[in-house]
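A short worksheet on the structure shown next.
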Amino acid sequence: MLLLGAVLLLLALPGHDQETTTQGPGVLLPLPKGACTGWMAGIPGHPGHNGAPGRDGRDGTPGEKGEKGDPGLIGPKGDIGETGVPGAEGPRGFPGIQGRKGEPGEGAYVYRSAFSVGLETYVTIPNMPIRFTKIFYNQQNHYDGSTGKFHCNIPGLYYFAYHITVYMKDVKVSLFKKDKAMLFTYDQYQENNVDQASGSVLLHLEVGDQVWLQVYGEGERNGLYADNDNDSTFTGFLLYHDTN
């Protein structure tokens, strides 16, 4: 045992070609010149424990861009997204082809008011409305044959005209609107002859206005006449109705 300890001691000492000394526990320092030499190297010690991990190194420089990879597989269809905001109005497109003809539409309402009447007898009373009882047209019944007056039911502009036969006497005829004479016609009878007299006028009427003809003056001015061959007529109709 003593021999084995001496051998181990010799192996632990530094070699003869390295001069060392110690300073503190576990620290070997070179020996000064002239120290003891000739010691043999010791046997290698056991490997030490792993040290603590070092800190992360600095980031490296970016590498070169790699080549484009192959397209990936088509993924599953996603959910429907929210409706986006309306886009800007696009440019005007080209004209389309002409469509088919549509069905006839309803026309605008037409206001109608008209009459045309004639005299059946030459017996008339002066200064009274002339009763024209021979009806040519009175579909809207705006002319009253019992009074000889036209009654306005649609406000607007009207045209009135009369054509009378004159025989045996002179005639004076006036057209009235609301008890006011608006137009006068006088014809002087020529003996042994049949005369014709006429008149026409445009009048604006309101609802409820009345228009008629009458002989004015005494009986000697009542030459209004009608028979199977000669007519005396009174006509009126609406040109256009008021829009306001």
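Glycine too: its Cβ is placed from the backbone N, Cα and C atoms.
Residue with Swiss-Prot feature O-linked glycosylation site, selected from Lys101, Lys149: Lys101. Residue-level annotations in Swiss-Prot identify, among Pro47, Pro86, Pro104, Pro47 as 4-hydroxyproline.
Ranked by Cα separation from Pro47 (4-hydroxyproline), the recorded positions Pro53, Pro62, Pro76, Pro91 are led by Pro53. Taken together, the residues in the domain 'Collagen-like' (42-107) have a mean pLDDT of 86 on the 0 to 100 scale. Remark: secondary structure over the domain 'Collagen-like' (42-107) totals 0 helix, 0 strand, 66 coil, with classes taken from DSSP. Pro104 (site 'Not hydroxylated') sits 33 Å from Pro91 (4-hydroxyproline), taking the C-alpha atoms as the reference points.
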